[in-house]
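What Swiss-Prot annotates here:
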SIGNAL    1-20  signal peptide
ACT_SITE  Ser159  active site, nucleophile
ACT_SITE  Asp215  active site, charge relay system
ACT_SITE  His268  active site, charge relay system
Amino acid sequence: MLFNYQSLLVGVSLISQALSAPILESRATADAAAFPDLHRAAKLSSAAYTGCIGKAFDVTITKRIYDLVTDTNGFVGYSTEKKTIAVIMRGSTTITDFVNDIDIALITPELSGVTFPSDVKIMRGVHRPWSAVHDTIITEVKALIAKYPDYTLEAVGHSLGGALTSIAHVALAQNFPDKSLVSNALNAFPIGNQAWADFGTAQAGTFNRGNNVLDGVPNMYSSPLVNFKHYGTEYYSSGTEASTVKCEGQRDKSCSAGNGMYAVTPGHIASFGVVMLTAGCGYLS
């Protein structure tokens, strides 16, 4: 959500500030060891905003992802350093993205290679942009698996890109059930009902939610009026190893659920020591 930041702050606040937070508990524990992977995920997420060509840090880009109608944007590639095949999704930069961010109408998802339970519902504003590029991404990942059969899979994104990552994780897990998979969704809002969260939780692989202090976006749509549900393991940080904690459950008050914020806030543009759009592409690293 980097498009016209002030407009986003006002527009999303109108939707979400009126929502009350659920009951919270505090159980987070220090986990500095998680920081390096989340910092790398933040750099790759920033690179998706930058529009890197050829390479983004350790990832060699093999396919740019773009759909004109939905403005879905990102890239697929591989890392010889990490021995992984990566799907990286960009967050919001345009009016089209912003419209997707606030389109919370629930729909029944349909994606090739994915068998959804009948009661799963997700927001149209995330399903529509992902479904526009789903087949392209799965085809490219399949081709890379053929070239690098021993590589693992990963999905990464920030904000709307993080919300798309929550679908990417399910899509990759279902289409490639024999592959090891780790996904990192940064500063993302929840996108579906409890059945969706249960389905995401049931997938093979590891799904992490990385959140920044003073960011209200992870709390959007999570309170009783909308009642969307997160899944995965949350990590919370002010941008350093020492401040990184592993949260317990989805409503740990030591983490994003307890910061009292329910909209786009200044803390949203940073993640695990990286300010989005400022990290470059790693060409000189």
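The backbone N, Cα and C atoms fix where each Cβ goes, and this holds for glycine too.
According to DSSP, His268 (active site, charge relay system) is assigned to a helical segment. Of all Cβ atoms in the shown protein chains, 32 besides its own fall within 10 Å of the Cβ of Ser159 (active site, nucleophile). The Cβ neighbour count for His268 (active site, charge relay system), using a 10 Å radius over every protein chain in view, is 27.
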